Amino acid sequence: MTQLTTGKATPHGATYDGHGVNFTLFSAHAERVELCVFDAQGNEVRFDLPGRSGDVWHGYLADARPGLRYGYRVHGPWQPAAGHRFNPAKLLIDPCARRVEGDLHDNPLFHAGYETPDSRDNATIAPKCVVVSDSYNWEDDAPPRTPWGNTVIYEAHVKGLTYQHPEIPAEIRGRYKALGHPVMINYFKRLGITALELMPVIHFASEPRLQRLGLTNYWGYNPMAMFALHPVYACSPESALDEFRDAVKELHKAGIEVILDIVINHSAELDLDGPMFSLRGIDNRSYYWIKEDGDYHNWTGCGNTLNLSNPGVMEYALECLRYWVETCHVDGFRFDLASVMGRTPAFRQDAPLFTAIQNCPVLSQVKLIAEPWDIGEGGYQVGNFPPLFAEWNDHFRDATRRFWLQRNLSLGDFAGRFAGSSDVFNRNGRLPGASINLVTAHDGFTLRDCVCFTNKHNEANGEENRDGSNNNHSNNHGKEGLGGSLDLIERRRDSVHALLTTLLLSQGTPMLLAGDEHGHSQHGNNNAYCQDNALTWLDWERANNGLTDFTAALIHLRQQIPALTRNQWWQENDGNVRWLNKDGQVLSVEEWQHGMTCMQIMLSDRWLIALNATPHLVDIVLPEGEWRAIPPFAGEDNPVVLEVWHGSAHGLCVFQKS
């Protein structure tokens, strides 16, 4: 085989140029790096990477082609107390690999060692990187660039979304291809969503603990290779990249953006008992936040935390994000446990990675959404991210649930969340779209479960129901579990309608959890991360089509209301909003402080939302003018003209002025 030449230090990873492959690897503390190439029979040939530019090792292999399988062995000190854990007996994944074959098994051969390095070679079972070609015919694809004011996000799991869809061809159900199938495109358009936010599609692993329980990591928040697609969602692992890009292209044709949920806060190497397969053996001290005793800072709850303030690691993260935008045309990112991105180790709004992203001509043009917390000290940072970032707003989630399901929130607090949470986000030039409003997400109860379960039921997760949040602000309406009397079903339906209407007609950017518009239930499991089964897969044949129609009508109504689409903060007397009491008069100071009462919200002088959060029927006098109840609260062909709305308990209605 051809010998390696020096090559060059960029771009990251293994890059095919039509004649050969350039390999690069960042390691500040390595003393020697071996590129290991494997043939079809698994025979290994090793080459020392001959070039080093700063902390980047590199080499060029002429005549190498896409499909070549490779990995690395990295030599250096074994000094655990100092954070160094080099062990060339372990074959390592290229952090920038575009494709990975194989999986991590619960096998002692993946262990690096404790006081001394584990000398057992693991190449026969270790995952292998595969060289791929990035070439693709995008035709005339262009990003939709939907303004924040018009954006409605739909959070979905690639497999769970379509795995049980009877109208999707069986061979592509639960796969990337299904996302771009006409059945799904038509559904997204009918529903009215503008952005599909995909739970992790980057190559991930199941934790050894789950493997021992016979479970898998279904959600995918345990990354192995940040540049590689998860192969299980492809019809053919060899074509995963093209299958994903085909789906993105079809979604773009329909005007739908694609947002990736990305995990750049930890890796699947977990804690010191976890497997060594990549970063730990490449440069443990650089990639992770290390304590003085050599252990990991666990600000993620997953055993380790990436040190994104390290220049080399920061560049790795930036290159990863640019790759997904430039090579796969994604339209943005939702950053899991995003406070890690700003740790220096204390959180800073001007942290190096934040500054680099905002100054990047590629990344500054896409949607950036933070989950604005981690579990470390000072990790809760809602409202404190840089100007280009939007953030998940847990204040909105909790206030909306408390108002409708607990009835222990003042009108003033509710109105503040409805109006975009200006107390949290109106700073540094940020606009209301920075508030990602949600009532539910993958993490927690589904919408139906919010009204059917007061307590979590996570026994199937194998942790004796200890996992998952106990602070759900839910209400079973008098009976724990699904089903019940007609009266119970109607009261739960009214609560679901109230929660959805609040979500979709509030100032800010709404995010809808896939399946909530169907009435999907996880039977009270509020942490279904390891449930790859019918508990999490959407059941399209039993979907509540009436609720789907209700949701779609609200989304389409939202797009008609200028106060919600302008993405401007509401000011007093600007015509965007008026807050009225049940008699149609401006709310008094005293009324703002009431915990359980009624109100009316007038938007853009033409739309009126009447709310009754009390447990009783209340007559609400509409303000002066001719008001018609509109879909989905009245028939389109027979609108109801009212002067007084007989407000049902825990209910609401939307009107339009003639």
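From the backbone N, Cα and C atoms, a Cβ is placed for every residue, glycine too.
The feature active site, nucleophile is assigned by Swiss-Prot to Asp336, with sequence analysis given as support. Summarising the annotation, Swiss-Prot assigns active site, proton donor to Glu371. Annotated region 'Disordered' per Swiss-Prot: 460-484, in sequence order. As annotated by Swiss-Prot, site 'Transition state stabilizer' applies to Asp443, with the evidence given as sequence analysis.
In the three-state DSSP classification, Asp336 (active site, nucleophile) falls within coil. Within the same chain, the residues at least 6 positions away from Asp336 (active site, nucleophile) whose Cβ sits under 8 Å from its Cβ are Pro200, Tyr221, Asp261, Ile262, Val263, Ile264, Asn265, Glu371, listed in sequence order. Cβ neighbour density within 10 Å is lowest for Asp443 among the recorded positions Glu371, Asp443. According to DSSP, the secondary structure content of the region 'Disordered' (460-484) in residues is 2 helix, 0 strand, 23 coil. The secondary structure of Glu371 (active site, proton donor), as reduced to three states from DSSP, is coil rather than helix or strand. The secondary structure of Asp443 (site 'Transition state stabilizer'), as reduced to three states from DSSP, is coil rather than helix or strand.
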